[in-house]
Amino acid sequence: MNEELKDLTPKQTVAELDKYIIGQNKAKRAVAIALRNRMRRLKLPEEIRDEIAPKNILMIGPTGVGKTEIARRLAKLSGAPFLKVEATKYTEVGYVGRDVESMIRDLMAVGYTMVKSEMQEKLKEQAEKNTEESLLDLLLPGSNKKKTAATSAQPQDVSQASSGTTISLPSVSSTAQAEEHKAQNENDMSGTREKFRVMLRENKLEDKMVEVTISPSMGTPTFEFFAGGSNMEDIESAMSNISSMLMGGAKSKRKNVSVKEAREIIMAEQLDRMVDHDKVTDEAKQRVEQMGIIFIDEIDKVASRSDRGGGPDVSREGVQRDILPIVEGSKVSTKYGVVDTRHILFIAAGAFSVSKPSDLIPEFQGRFPLRVELEALHAEDFKRILLEPKNALTKQYAELLETEGVKIEFLDEAIDRMSFLAADVNSKNENIGARRLHTIMEMLLEDISFNASEMGGETVKIDVAYVDERLKDIVQDQDLSRYIL
């Protein structure tokens, strides 16, 4: 488990989220407390620990205000397995489409990949040494003393001596000469190997062609059991794996590649061979069960409005009912084993522009006791978004263009103008929140981005006049802004 989590207080969590997300303090506090409570639970005695379930969160707010970003940053901050899904992609069990249990299988796959990467990172130094030796073996066959020692030091066949066959032993002088010659050859090969080692490290042999043997994946064979409504892609993938095992598995193949490509292939194979896959599976399963986070977006789209007539909708109320046992706690079969969902944190989010949270079935509402309403963004918020976050849009575009030698400077007056225009367009058209800034920045810098390769060494100052020249006519023409911005 991630030990650093134990020292992350709610205040520290909010402070970290503030580096990337502007405003929405209520939502930040809610997720920070939820994260801290998980660490508190892990410190309790086992008999009490199992009784404490996470308090799932329902985020309510218009699009583009930071719902998804809060959950994503929280997962990165905690090092917990995180999965974002859209509620609209699932259908009721028994109908064509993905069943809701597949989100647990996907989360387990995320956890496995995360833990495997961490373990491989710890083994990377040794794997690099092994890879270097393997490359030298390919470039200079027979130059590895360790590998050739066994074959060069083989004794005479004992069976010949016991059968009475006369064996002519070489004279002492000829033996000494042979040993001297052998030692000379070994020294020469050793010197050549070291020269090649230096050249490898200096990347002077990257284009040289070598023949490598590509082995099939070293992963542990796994089986997965599916419910009746499982996705056909999952079933086909599982059947393909089973068929491969029954047929004796995938075969190794030889391929001519450059040293650069061979290094990547051998490195991946070394890491895969060195890592303990059973240990990875156990650790990943523990992390998913104790620290996993699933963010269910567009939950408002599966809320059936009370004024809506017609029969049951398999992608609405049925999906809510199928999610209930997973949120409450059930055991889901995956190819890595059975996963208990009791302590996975679920964060559901939706704009609820057409429906209301009360349109969700009562049982579903009860599984998400914490409700947080996110506020709509205004011009002042947009200004802060353009300037304050570590990954602010203005910083991103400036860094992108600087790769071509073009320096961009955004004046404060230009930032104010862009913020006002974003808020103005949002108020007149669909309110898409901070995502409007992406469109405005693209339109604003379109000419510079297109001609950047010919503007090396130039400095461009973005002021109010430039912003108005590029955007004012589009913003004022409501019909045009609806289609362009």
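Any Cβ shown, glycine's included, is placed from N, Cα and C.
Owing to the predicted nature of the structure, the values given are computational and were not obtained by experimental measurement.
Annotation comment: Swiss-Prot describes Ile22, Gly64, Val65, Gly66, Lys67, Thr68, Glu69, Asp297, Glu363, Arg435 as ATP binding site, evidence class sequence analysis. Every protein chain considered, the tally of other Cβ atoms within 10 Å of the Cβ of Lys67 (ATP binding site) stands at 25.
The compositional bias 'Polar residues' annotation in Swiss-Prot covers 149-177.
The compositional bias 'Basic and acidic residues' annotation in Swiss-Prot covers 178-189.
Per Swiss-Prot, region 'Disordered' is recorded for 146-189.
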Counting across all protein chains present, how many other Cβ atoms fall within 10 Å of the Cβ of Glu363 (ATP binding site)? 13
Least surrounded among the binding-site residues, given as Ile22, Val65, when other CB atoms within 10 Å are counted: Ile22
Cβ packing number for Glu69 (ATP binding site), 10 Å threshold: 16
